[in-house]
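First the structure, in the form of structure tokens, and then the observations on it.
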Amino acid sequence: MRAKAAGMHSKDCVKVAVRVRPFNKRERDAGSRCIVSMVTSSITIQDPRESQSRRSFCFDYAYWSHSGFTRDRGGLYVPEEPGGRYSDQDSVFQDLGEGVLENALQGYNATLLAYGQTGSGKSYSMVGYGPNKGLVPKLCDRLFQAIRENQDTRQCQVFFSMLEIYNEQVVDLLSRGSRTPGGLRVREEQQRGFYVEGLRTVPCDSAPQVEQLMEQGTRTRTTAATHMNANSSRSHMLIILQLKQIFSKESITKQSNINLVDLAGSERQRSSGSEADRLKEGTAINLSLTTLGNVISSLADVAVGKKVVHIPYRDSVLTKLLQSALGGNSRTVMIATLSPADICYEESLSTLRYAERAKRIQNRAVVNESPTERLVKELKAENARLLQRLSRLGQEGRRANDETIPMCSEELRQLLTHNELQIRAIQTLWEQHLQEALKDWEQQYANITQERRMMQMHPYILNINEDTQLSGVVKLFIQEGEWDIGLCDSTPRYISIKGLGIQERHAVFRNEQRRVTLTPLAGSKVIVNGNSVSQTTELQHLDRLILGSNCTYLFIGFPSERGGDDWSRYDYDYFQSELAAAEGIHLGESSAGSSQTDPSLLAVFYDFIKLMPMVAEANQMSQELNKDVEFKLEIKNLALSDSKGHDLKKEIVIIVTAVGRKQVWMWSKTKFVNRKFLMEDAYQLHQAEKSRDNIAEGLSTAVLPRDKDPFWDPVEPLLLGSAHLWLQSLAFRIPLEEQLEVLGSEGTEEAILQAQLVPCTSTGLAQGEDDILIDPSELLGRRLDFQLVLEQCCGLRWIREARDRGVQIGFRLFDCSHPLYSPAVWHNVNPLLDHRVHFASLHTSQRLLDYLQSSAVVLELWGLQEGCTDLVSSLEGVRMTAEGIFIIEEAGPANPAPVDCSVRAQQDMEELKSVNSSLRKENHILREQLNAARNGGEGVRGRSVRPSCDAEFARSLKVFYHSMTSVRGQLQRLRRHRPSEDSDLLGFRLFVDEQSRLLRDFSEQLEQSVSTLKQDVAAIVRRKRERSGIWS
């Protein structure tokens, strides 16, 4: 569906289009549902957490590309039915591209911006993929078609430039020389405005030439991204087409710039107070997008009449170069792309809000007159005046001084000659530049022809990039014989690559007898199909290679091996999924009939594989900078649960270890990503200094102050794991003593914790067996006191690794808003804690009773490091008695709901009647017992029957609860018992046998516990029946 509002040329407001893409593989695997709907030019987005919460937006154009399409034989995506709602690439170009082109031909500056989160379809809309060409190539085709159609009425000149902005540095993607350190400079002139100094502009006279330049720029961008270990999704790409039209008859020249901008991914960085970083985002990765948002907001405020003092164009490189496009001399269109999946709700809503602000901006576009053409006119006019003066001098020569006349004539002739030379130079400059560009184009075409010929002769490795537009750009051919691959390119039989972790001589390829082998050299990192290799390995067609930290390549075998293979499924995520599987993190395809993968687990999995290459790069930078810091991915809360036993939300964290100092930090994903970019800055500084020979080989770069070092943080307490102490026994006033296994985030055993729950009196004295309750409801409305006793920790792995460490135990109970902590203990693997906390409920409610019977107190083990402060219990909002007793509940609700009062009163009345009836029966029985005692001397035994039965029953319950603790432990072991990812058939058989044994043990323990309880209860009942009919 293509919805169109007012025409593009009626006003100079920024026109905004929104395009909704299909689900990608990740969203399909997660079982995502579509939360975006579209009616004409209106878009509605629904909050997946609240079905009634909807937001609607209206734009100039709206494109539905989510569904209703098919792929024809040529590979084009087209609507399933003629006139269907699906908007293909042609539909988008007809509305947006044609309008941009028409504006440029009229002499206006024109700008097209693509905005959206990474993977939302920006590059597909702008550049396209395969036969589905995007806006840029279609625009170039139509531009040169228009030039050919109008060549009789005008002479046209087209110049092409392509640049990238990454981390506030401008990179010329068409530059022939080496990359300028720090990037190209952005300067300002009164006439030109902001421009990039030294940016190469290439004259073009055909669309294939522009296409070839784009391929060259993409190749440069790919190589630079690998060399700089930069993330292309965080960079902006600008294509600038300069169009000059010379109308000879009218003596008019129109000159316009067409800016085509693919902005960096706009995904929001989720952060919270706990994720705050002491280092601000010192790199400028997000600066340009943030500033662009501020500029758009300020211009939107101006458009609605608000007084805005300052529009921050100068705060970033991007906004400087786009100043004319936003609020200036340009006609501008923005296309915002978004995902309709529920898991992308926040990013999609943010994109829609951004686009809504942009459509309010008003520009002041004017037709541009070329200063070069104006100069030619002025020079011709001046030449005409000079010729008139020379003519007059010739006529009046006899009356003038004989010496003065030749001197004046000679000066005028020299000036005339100089002006003619200037005119000729200006007019021939275009032809000269065009000839130079054609020579380059011919050379590039020859290289492409040579590359295609070699592809049909030799095996090669093909680069795979996170950005699909940059994948398959670099082809490294493996010809007959032996070839070294690495940084060095001094020998003739060498394949040169650059990237983090690449050695001077990294590995050796051998192509002999139609077999290709790869041999890693000492100290180099080589991974084949997800597995690290250190010996010679024969490569098979479509094998996946990772060299160094993250240089990813797909091996393409001999032409006879290729067939009709589609290698597109081996994308960047495929490589990282293989690596994750090798580390035991694997989500396989769901088998038929099986339940779908948990979407939350799938989200964690994709976060894991996205961060894996970044962690590898961070480790390599740490090694090269001699930081002695290691980074490791971990899934937080993988094996942990809350106080109800429900699984906690899982998320990715990065464990950072200073190996020499034995210091450990836990960073959130957001914090690590920020630090990674700061590390890149430090690494690039190191490389620049190393290339200038300012430091010796292998030594660290200029040392950053510690508070500015992205590899360092102040030490802080670290959550090591947790254990559950279930509170059910307190509801019966039964004491509980446990040895608890403290499990780390991924299920590893961190320690054994000895803890007790002791029902007690208000003075702290432990209660005995006579105080055990049969029915927990007897506690309602009464006071309940108990103590939590933390006795000892045994086998602390945290302190076993480094003796200068300590631990604390943290916990919270019922409605406590802040955790309480035990005193810190240091330097001991088996420390005595001897920590006792007294809790009291002054008026036990049903809510507290339900809590005790269904919940556990989660005991958190916190690790302390030398230099960090102890964790302190916050008593804010906590009521304590003078004796130090923590009050967890005082009284019931002060004002119960009126509707419940009569119901509760009626229930109380029925309960009192029942109790009264029971007491009368018991009174009657006691009278009979008294008579029997008088007659048979059985009074003593009769008086002791009731207490004896209660005590026996309480002891049976105590035994049962202790046995159930063992059963619960066996159940936890069953939950954690999983097969190894690399298990073979024999391994799975052993796993099944072990699982069967554990299930059998669990069943036997559970059956034995229940059977023992039944036997004890039956024995108690039998003894009661044997005694004079009591309770019969």
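Using N, Cα and C of the backbone, Cβ positions are placed for all residues, glycine too.
Within 10 Å of the C-beta of G119 (ATP binding site) there are 22 other C-beta atoms, taking all protein chains into account. Annotation comment: TrEMBL describes G116, Q117, T118, G119, S120, G121, K122, S123 as ATP binding site.
If you look up TrEMBL, you'll see 902-929 marked as coiled coil.
Look at TrEMBL and you will find 13-361 tagged as domain 'Kinesin motor'.
Cβ atoms within 8 Å of the centroid of the Cβ atoms of G116, Q117, T118, G119, S120, G121, K122, S123 (the ATP site) belong to the same-chain residues R21, G265, T337, S339, site residues excluded. The highest number of surrounding Cβ atoms within 10 Å, among the binding-site residues Q117, T118, S120, S123, is found at S120. Here the binding-site residues are G116, G121, and the one ringed by the most other CB atoms within 10 angstroms is G116.
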